[in-house]
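*Asks:* Following this message is one structure expressed as structure tokens.
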Amino acid sequence: MPDKIILGIESSCDETGVGIVRLGADGSLELLADEVSSSLEQHVRFGGVVPEVASRAHLEAMAPAMGRALETAGIGLPDVHSIAVTAGPGLAGALLVGVSAAKAYAAALDKPLYGVNHLAGHVAVDTLQHGPLPERCLALLVSGGHTQLLLVEGIASSITELGSTIDDAAGEAYDKVARVLDLPYPGGPPIDRLSAQGDPAAIAFPRGLTGQRDAKFDFSFSGLKTAVARWVEQRERAGEPVPVADVAASFQEAVVDVLTAKAVRAAREYEVDTLVISGGVAANSRLSALAAERCADAGITLRVPRPRLCTDNGAMIAALGAHLVAAGAKPSPLDLSANPALPVGTIQIA
Amino acid sequence: MLVLALDTATPAVTAGVVVLDGDSPPRTLAERVTVDAKAHGELLTPHVQAALAEAGLSFADLDAVVCGAGPGPFTGLRVGMVTAAALGQARGLPVYPVPTPDAIAVDVRAAGAGRPLLVATDARRREVYWAAYDAAGRRTEGPAVDRPAELAARLADLGVEVAAGQGAELYADVLGLPVVGSGYPSPAGLVAAAAEQLLAGAEPAPLTPLYLRRPDAVEPAARKRVVPS
């Protein structure tokens with residue numbers, strides 16, 4: 001079997017991504033190109049992603065991103081073996097741009113199309129950096145839109161959701177707390193930076209869903225966000241200064257404490273020895289530090305892809321596409337629909 | 001020359017293969033049209049494939065792509081635009097955007113109504129996208145987006161005598177113009193609207209949709225308090 005070139009197209013939120021991966025005859029993956037065009041700057045003044053703004057940006061960015069990716073990889077579209085595209089979950093109008101483009105590329109080139117799951121892509125991307133996943137592993141996905149604990153028993157065949165957030169995603173909580181503290185959007189990087197100068201034990205913010213009778217592997221960050229706002233407002237009302245670094249550090253500690261504790265507990269309970277942390281929030285320094293500490297204590301191997309791979313990109317979709325091709329998966333039909341609420345167990349739309 | 005024509009600016013998902021030579025009006029070899037405002041994303045590429053197959057042609061036979069650039073509901077409109085862009089990029093074909101009402105106007109003229117024409121399509125939110133054409137088929141105003149009553153007040157100035165398009169049907173009582181034509185752009189109409197550029201081999205304009213409206217988005221005001229003061 002000669003090498004196969006797999007194209008990945010991502011447009012589920014505010015990044016237009018085109019990734020190109022070479023699938024070797026031995027099943028190895030090599031990243032050839034990873035072009036991302038972000039509309040982040042256009043959303044900053046709105047304090048969050050505006051779907052219509054993101055969709056317009058996807059349309060403008062799609063063909064140029066494809067052109068740059070091909071140039072970087074030093075290939076032409078006819079060299080492509082298969083095309084993978086994010087079919088969900090994500091913003092409906094945004095997904096539709098990528099899916100429509102991918103169908104057109106597939107039809108015009110007469111190549112197979114794979115409509116794939118964005119969340120599975122976040123797990124698959126780790127294989128580009130750290131090689132094949134063990135037979136079973138656990139994945140913690142944390143981003144602005146998702147917070148999920150997944151049992152992965154085959155990246156192309158079996159992903160089971162053990163738990164997810166019942167309200168805000170972890171990244172969303174960062175954005176909201178950043179607003180409370182008058183920090184810029186997105187909130188993750190500034191809170192992470194400030195936290196380094198603060199005391200994570202200064203304020204005992206609540207750890208959501210950690211009671212005896214709470215769902216073991218679900219998350220909740222809405223109450224935490226409200227608790228932070230309440231604490232800050234009380235200080236302001238009393239005319240006292242707000243210790244911003246301490247608030248940031250204590251909030252961040254509450255988030256990463258719950259995330260890592262539940263991930264390690266799930267690893268123990270399901271008897272897996274590898275944890276993958278991916279998604280935009282995986283770039284958080286305290287999350288990776290605490291996860292490393294707790295995984296080491298529990299004898300769990302921790303895998304965190306480099307930040308560039310953790311955020312949304314086309315490389316993760318190309319990687320997942322490559323795993324599906326290697327597993328002999330049947331292509332998706334060209335009348336496939338994007339599914340904004342695609343469940344994580346559906347790795348590919350058949 | 002063989003031209004692939006696409007449009008998703010109205011509830012119709014339209015794809016067709018059209019022959020264009022300088023001497024006769026564009027002739028449609030095969031077309032696929034489904035009227036379903038929610039199916040653009042699913043059906044457009046399958047329609048393109050089916051039209052090509054029926055015409056006994058492949059992508060390699062095509063010389064150019066023409067795409068309706070709206071105005072139309074944004075989500076559907078983008079399906080046609082990005083599909084055309086990707087097809088053009090994949091096959092190295094020039095892609096020509098044309099205003100969708102221009103194609104509808106050509107179709108109405110071809111059907112024999114050589115009178116000053118208003119094309120009005122449904123812009124939702126009780127508004128219409130519209131453009132006006134003189135008896136020779138030249139666009140004299142638009143495309144623009146307005147409430148039907150505002151448009152009705154301008155009709156005398158525009159000098160239009162008949163109307164076409166789904167917006168014209170929906171608001172026929174407000175506009176008070178006789179409605180003609182199918183209301184959706186045909187592949188031949190799309191190609192006719194771009195015929196001069198196609199035959200001249202002109203450099204295509206950028207593939208920019210005619211949105212005519214800004215995205216709905218409000219900048220946040222001061223942050224809300226969780227504790228009532």
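Even glycines carry a Cβ here, placed using N, Cα and C.
Not measured: the values here are computed from a predicted model.
TrEMBL feature annotations, pasted as is:
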DOMAIN    A:30-318  domain 'Gcp-like'
BINDING   A:H118, A:H122, A:D312  Fe cation binding site
BINDING   A:L141, A:V142, A:S143, A:G144, A:G145, A:D175, A:G188, A:D192, A:N284  substrate binding site
*Asks:* For A:H118 (Fe cation binding site), just count the other CB atoms lying within 10 A of its CB, please.
*Replies:* 27
*Asks:* Suppose we draw a 10 Å sphere around the Cβ of A:G145 (substrate binding site). How many other Cβ atoms does it contain, all chains included?
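*Replies:* 21, counting other Cβ atoms within 10 Å of A:G145 (substrate binding site).
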*Asks:* What three-state class does DSSP give A:H122 (Fe cation binding site)?
*Replies:* helix
*Asks:* If you count Cβ atoms within 10 Å of each one, which of the binding-site residues A:H122, A:L141, A:S143, A:G188, A:D312 comes out on top?
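*Replies:* In terms of Cβ crowding, the pick is A:H122.
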*Asks:* Please report how many Å separate the Cα atom of A:L141 (substrate binding site) from that of A:H122 (Fe cation binding site), as a whole number.
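*Replies:* One finds 7 Å between the Cα atoms of these residues.
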*Asks:* Out of A:S143, A:G145, A:G188, A:N284, the binding-site residues in the record, which is closest to A:H122 (Fe cation binding site) when you go by Cα distance?
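*Replies:* Spatially nearest to A:H122 (Fe cation binding site) by Cα position is A:S143.
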*Asks:* In the same chain, outside A:H118, A:H122, A:D312, whose C-beta lies within 8 angstroms of the Cβ mean position for the Fe cation site?
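*Replies:* Other same-chain residues near the Fe cation site: A:E10, A:S12, A:T86, A:L119, A:G121, A:L141, A:S143, A:H146, A:G279, A:N313, A:M316, A:I317.
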*Asks:* Whole-number Å distance between the CA of A:G145 (substrate binding site) and the CA of A:D312 (Fe cation binding site)?
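*Replies:* Distance (Cα to Cα, whole Å): 11 Å.
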*Asks:* Summarise the model confidence on the domain 'Gcp-like' (A:30-318) as a single mean pLDDT, whole number.
*Replies:* 96
